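Chemist: Below: one structure in structure tokens.
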Protein chains: 2
Amino acid sequence: MIVVKVGGSAGIDYDAVCADIAGRWKAGERLILVHGGSGETNRLAEALGHPPRFVTSPSGYTSRFTDRQTLEIFEMVYCGKMNKGIVERLQRLGVNAVGLSGLDGRIFEGRHKDSVRVVEDGKTKILRGDHTGTVEKVNTGLLELLLSAGYLPVLTPPASSYEGVAINVDGDRAAAALAVALKAEALLLLSNVPGLLRHFPDEASLIREIPAAEVESYLEFAQDRMKKKVLGAAEAVKGGVGRVIFGDARAGQPVSAALGGAGTVVS
Amino acid sequence: MIVVKVGGSAGIDYDAVCADIAGRWKAGERLILVHGGSGETNRLAEALGHPPRFVTSPSGYTSRFTDRQTLEIFEMVYCGKMNKGIVERLQRLGVNAVGLSGLDGRIFEGRHKDSVRVVEDGKTKILRGDHTGTVEKVNTGLLELLLSAGYLPVLTPPASSYEGVAINVDGDRAAAALAVALKAEALLLLSNVPGLLRHFPDEASLIREIPAAEVESYLEFAQDRMKKKVLGAAEAVKGGVGRVIFGDARAGQPVSAALGGAGTVVS
């Protein structure tokens, strides 16, 4: 089992990702696709006059502050446009894909954090009304049911709180939790860079290999959203996933290239 | 098996619909929920500067002209905001709901009509670039898999063409095709009116009963979107569904009231 997470930033070639996945799926490989939608969510939020608000935690992680209106915009993009766009691409390629959010069948469950500690202008504040959380539990039953019947699951945040409330969760860490729960051989975190860069944005400074035991020490090289990928990678290898690969989803055969060792390999 | 279709017009009380369904589901009734999202789609399309375009066929049926951009707006509302909002409500009520579009697992399949004949200013024209169609085939395998494992399916358009292209289909007629395919005892078409009215919009003129053999002759009383409901009802009863009920989803217990005979009963 391979878990492929593809991000939602500018430059990602979803046609290339889907074509590569379709080829491998038809050749008998079992995989699950997890996707993001951050860039498009920002555009829609701006267009609707409710611009995104990103907050930084005291430990330096950036996340989207998700009030109820933002959650609905988030769902429109992630669960609507992005998820069904990917399912349509796969169906056109003859793969019987099924698109689901973490709410559906409570695939992704975690605690709802209604308030969040953030640093703004050098001060720590508490913001309330947040719909966020972290995936703590992956309910694999529905996924195994689908896979055993020949359907390819295409998953996206949000997750469900233990009370059934929709919560925005980080897609990379959700994919890591999924890879652990499914005992996946590999977790691919594909985005619009070649991998983890020692000197961002210099693509020639790609870090080729990271020993699993040292992955957290590489956090210093990670910019912004790449931090969550490094954190997810650390969680995945600790949880028993054989390899985590940060790969490039902008062209070519993104999944095959990453599995072939292109990008940054954590193992 | 009961198929409940709830519309997407103003005034519908989704909390009431979900609470009623949750109670019946927990009491052991098996059902599938199909929903719309037309009103919200119109609002989003206006807000995004791509207002809806409704066209009328030579036989008098109104439908949404669905170019690719409209299809994406449609998917954002139907598959994102509406579908996940309903799944979240049911999850909060302790029902393990799974939200899917007709693209997922190709649950709803039909022919893609790229061009549509419309009447504008008294003239018949042909418009191209349409993403519409009619559900001709319901692939029940995925639904039966979910139901047998205890999940409540929550379905929405779009459907999939035979080539895997997303197509906008009428939700009432999709629900009718589903009810036929599942040999449902009853199909409930719930909206923001008490049922079929002899003198629209006079709610006191509610038609209580329609004999199955005469349903098409009642088309003359149907306004706008109600025409598709009457057509769907005719298709369902012809296909062997025991009862079709046009009911009110604005308050109370909409499913239980309709099953109890409120609204217009076709049988």
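Just so you know, glycine gets a Cβ as well, placed from its N, Cα and C.
This is the feature table in TrEMBL:
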type	residues	note
DOMAIN	A:1-246	domain 'Aspartate/glutamate/uridylate kinase'
SITE	A:K5	site 'Transition state stabilizer'
BINDING	A:R64, A:N168	substrate binding site
SITE	A:K229	site 'Transition state stabilizer'
Chemist: Out of A:K5, A:R64, A:N168, point to the one nearest A:K229 (site 'Transition state stabilizer') in space (Cα versus Cα); all of them are recorded positions in the record.
Modeler: A:K5
Chemist: Rounded to the nearest angstrom, how far is the Cα of A:K5 (site 'Transition state stabilizer') from the Cα of A:R64 (substrate binding site)?
Modeler: 19
Chemist: How many other Cβ atoms are found within 10 Å of the Cβ atom of A:N168 (substrate binding site), counting all protein chains shown?
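Modeler: Cβ-Cβ neighbours of A:N168 (substrate binding site) within 10 Å number 24.
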Chemist: Using a 10 Å radius around each Cβ and counting other Cβ atoms from all shown chains, which of the recorded positions A:R64, A:K229 yields the largest count?
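Modeler: When each Cβ's neighbours within 10 Å are tallied, A:K229 tops the list.
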Chemist: Give the mean pLDDT for the domain 'Aspartate/glutamate/uridylate kinase' (A:1-246) on the 0 to 100 scale.
Modeler: 96
Chemist: Return only the integer: C-alpha distance in Å from A:K5 (site 'Transition state stabilizer') to A:N168 (substrate binding site).
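Modeler: Cα to Cα, A:K5 (site 'Transition state stabilizer') and A:N168 (substrate binding site) are separated by 16 Å.
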Chemist: Using DSSP and collapsing to three states, where does A:K229 (site 'Transition state stabilizer') fall: helix, strand or coil?
Modeler: helix
Chemist: Taking DSSP three-state, what's A:K5 (site 'Transition state stabilizer') in: helix, strand or coil?
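Modeler: DSSP call for A:K5 (site 'Transition state stabilizer'): strand.
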